[in-house]
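If you check TrEMBL, you get these features:
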type: BINDING; residues: A:108-115, A:191-195, A:249-252; note: GTP binding site
type: DOMAIN; residues: A:270-283; note: domain 'SRP54-type proteins GTP-binding'
type: REGION; residues: A:385-409; note: region 'Disordered'
type: REGION; residues: A:430-450; note: region 'Disordered'
Amino acid sequence: MAFEGLSDRLQSTIKKIKGKGKVSEQDVKEMTREVRLALLEADVNFKVVKDFVKRVKERAVGQEVMESLTPGQQVIKVVKEELQALMGGEQSKIAVADKPPTVIMMVGLQGAGKTTTTGKLANLLRKKYNRNPMLVAADVYRPAAINQLETIGKQLSMPVFSLGTEANPVDIANQAVAQAKEEHHDYVIIDTAGRLHVDNDLMDELQQIKADVNPNEIFLVVDAMTGQDAVNVAESFNEQLDITGVVLTKLDGDTRGGAALSIKAVTEKPIKFAGMGEKLDELEAFHPERMASRILGMGDVLSLIEKAQDNVDEKKAKELEEKMRSASFTFDDFLEQMGQVRNMGPLEDLLGMLPGANKMKGLKNVQIDEKQISHVEAIIQSMTKQERQDPSLMNASRKKRIAKGSGRSVSEVNRLLKQFEEMKKMMKQMTNMQKGKKGKKGKGINFPFM
Amino acid sequence: MSFFKKLKEKFSTNEQETDVSEKYKEGMAKTRGSFSSKINDLVARYRKVDEDFFEDLEEILISSDVGVATVMELIDELKMEVKRQNIKDSQKVKEVISEKLVEIYYGDDDEAVEELNVQEDQLSVILFVGVNGVGKTTTIGKMAHKLKEEGKKVILAAGDTFRAGAIEQLEVWGERVGVEVIKHNAGSDPAAVIYDGVQAAKSRKADVLLCDTAGRLQNKVNLMNELSKVKRVIEREIPEAPHEVLLVLDATTGQNAMSQAKTFSEATDVSGIVLTKLDGTAKGGIVLAIRNELNIPVKFVGLGEKVTDLQQFDAHAFVYGLFADMLEAE
């Protein structure tokens with residue numbers, strides 16, 4: 001496999017030293033070599049890796065690891081700590097200007113995702129901070145780039161300032177800020193054209209815009225899949241524009257995202273946000289500690305837990321637990337549960353966040369068809385209230401009616417009924433088991449499908 | 001004859017090829033600068049070929065995104081070659097390095113693998129796939145221009161119905177190049193658009209149909225299935241089509257490009273790669289690894305923003321571009 005996590009990589013070395021009472025310097029050398037390979041495979045720049053491995057080695061050769069009973073795990077721990085130290089803490093605050101509007105400039109290479117991120121950021125500002133942003137279409141070069149931003153503006157019902165493709169981007173930015181002042185927008189987000197960091201003319205243009213509108217934030221938008229070149233890109237943009245932060249896009253892919261580490265190391269600017277999907281609400285605060293786990297291939301359990309906490313109503317979860325215990329779980333409850341799990345986002349994403357889920361045989365290619373979930377919902381919604389409470393009422397003619405109402409076949413209705421009965425049985429068993437273990441009551445979240 | 005001499009001769013005797021190599025040199029000035037100056041540095045620093053030499057060479061190749069596995073393999077082969085030929089002089093190793101690189105590019109195939117499979121007297125369908133933001137639509141625009149210049153009748157199908165502004169972007173290219181664009185409304189079924197594209201291309205007796213698709217990350221199983229469906233629709237209409245499935249790769253992408261190549265191949269049986277944005281400082285070294293591991297050839301490279309900046313891939317020119325400084329220094 002191309003992608004092996006650090007823990008997998010260290011397995012063989014760990015096995016070798018397991019029987020030994022003490023770890024030799026040679027063992028540590030082998031382990032740090034694996035660390036190096038893991039980071040390189042994750043696209044961390046080789047120079048950054050070099051410095052990093054040196055630090056890990058120093059600590060590892062010291063007492064910390066060599067005298068530990070579990071040296072392999074100690075190495076991972078040291079690596080993780082060093083990674084976290086390098087990545088810094090979470091910083092997702094957006095500047096606020098003393099005198100509105102606050103101006104944000106979006107810059108980056110072609111295809112990094114500037115326009116989409118502009119829309120997402122505006123959406124976040126409105127939803128989370130209750131702001132009233134205006135979007136500015138300053139990409140006059142790429143065909144239909146203005147059109148793209150206007151479509152996004154329409155989707156968000158937000159104003160988009162544009163002067164067409166003939167205007168100068170510097171003029172566009174100036175006029176946009178003036179108009180935002182007049183119309184009392186508190187944020188202006190300028191979407192600039194993608195450009196190479198070695199394109200002097202276009203880099204000058206950005207400097208000109210910066211000098212004129214005096215932005216409070218300059219966000220460098222970087223594709224999370226970027227390889228070794230991330231260092232050059234980040235360094236150039238930072239040198240020429242003194243960026244204030246980074247947005248990492250396409251993190252919902254399967255890339256390890258080592259570029260994050262490279263960028264942080266060379267610019268020392270915080271990575272503030274992460275693009276987690278194509279929808280306009282899929283921009284999240286960047287979590288450095290989770291990124292560290294991801295680069296090392298340890299899954300993203302924390303994100304999963306947080307997602308669950310955000311979306312599952314605790315009171316409802318308690319009620320549900322009660323129902324499960326008393327086996328009075330009905331189709332109505334089932335429907336509600338499905339809704340809650342769905343709120344957490346695509347189920348595939350949830351599976352992807354479990355460490356090792358991509359390695360488990362059965363789960364590797366599990367793909368949960370969102371359509372099938374809709375079908376199940378349709379079937380339940382076609383049941384009467386009584387039927388939902390008491391599935392034993394079902395007979396042939398009722399099933400036929402439900403099938404007709406939901407547009408599914410009778411056999412699908414049958415399958416769902418069977419599955420539901422089995423689920424109820426299982427719940428009963430599970431709750432009985434929990435009763436056995438006194439005091440260890442099911443705390444936390446219940447996933448009916450997992 | 002040494003590899004360098006062969007290359008040098010190739011480019012000095014053939015006028016037309018000099019143009020091509022100039023273009024590569026121009027577009028890859030930055031790439032070449034950093035890559036070959038590093039190798040030159042390395043060679044200058046080391047008189048002897050020892051472990052340190054190989055360790056540094058490993059780093060140079062890794063920094064070009066060649067990919068750890070390929071680099072390891074390459075270094076092992078080099079070590080063996082050095083032992084076999086009893087090379088002690090680091091200058092000579094340079095030649096072995098570039099020979100190995102070209103060997104990886106071509107493998108057992110002849111050099112015709114870079115030709116685009118376009119039929120002479122019937123409709124050829126080319127499907128473009130790739131992740132978001134690699135430059136699929138731009139590449140289609142450039143390729144439409146290229147094919148039209150060659151006297152072909154070209155039609156574009158706007159299969160990216162998802163991203164805001166994607167259809168309009170392809171339409172602008174259609175106008176610029178002067179070719180027809182088949183489209184539906186945003187949000188409609190991409191397979192249906194492509195179906196209509198095939199029908200239109202057939203009835204208008206077009207030579208080539210270029211099919212755009214929405215960018216998608218390869219780990220989104222449902223979206224990859226959608227892509228397979230698009231391909232099936234084409235196959236059903238024309239049994240031997242699509243004649244090419246081109247995966248568009250961004251040269252700045254790191255190791256994830258391998259995962260892209262693997263997964264897109266599984267879904268759509270990719271026949272070639274278009275490597276875009278090679279005019280930056282990114283080195284695109286991952287194509288070596290992809291060629292080596294998956295045997296997918298690079299067919300075109302994007303060397304700039306102009307409509308003419310799409311060049312047929314030529315491994316000799318590519319390697320010449322990488323090593324031009326070294327050649328001239330000799």
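Backbone N, Cα and C atoms are what each Cβ position is placed from, and that goes for glycine too.
TrEMBL feature annotations superimposed on the structure.
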| residue | record | Cβ contacts under 8 Å, 6 or more apart |
| --- | --- | --- |
| A:G108 | GTP binding site | A:K114, A:G194, A:L220, A:V221, A:V222, A:F237 |
| A:G111 | GTP binding site | A:G194, A:D223 |
| A:T192 | GTP binding site | A:M105, A:M106, A:V107, A:K114, A:A138, A:D139, A:P169, A:L206, A:I209 |
| A:R195 | GTP binding site | A:V107, A:L109, A:Q110, A:L202, A:M203, A:L206 |
| A:L251 | GTP binding site | A:A224, A:G257, A:A274, A:G275, A:M276 |
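Cβ contacts within 10 Å of A:K114 (GTP binding site), excluding its own Cβ and spanning all protein chains shown: 27. The residues of the region 'Disordered' (A:385-409), classed with DSSP into helix (H, G, I), strand (E, B) and coil, number 19 helix, 0 strand, 6 coil. By a Cβ separation below 8 angstroms, chain B lies close to these of the binding-site residues A:G111, A:K114, A:T192, A:L251: A:G111. In terms of DSSP secondary structure, the domain 'SRP54-type proteins GTP-binding' (A:270-283) contains 0 helix, 6 strand, 8 coil. Per-residue pLDDT, averaged across the domain 'SRP54-type proteins GTP-binding' (A:270-283), gives 92.
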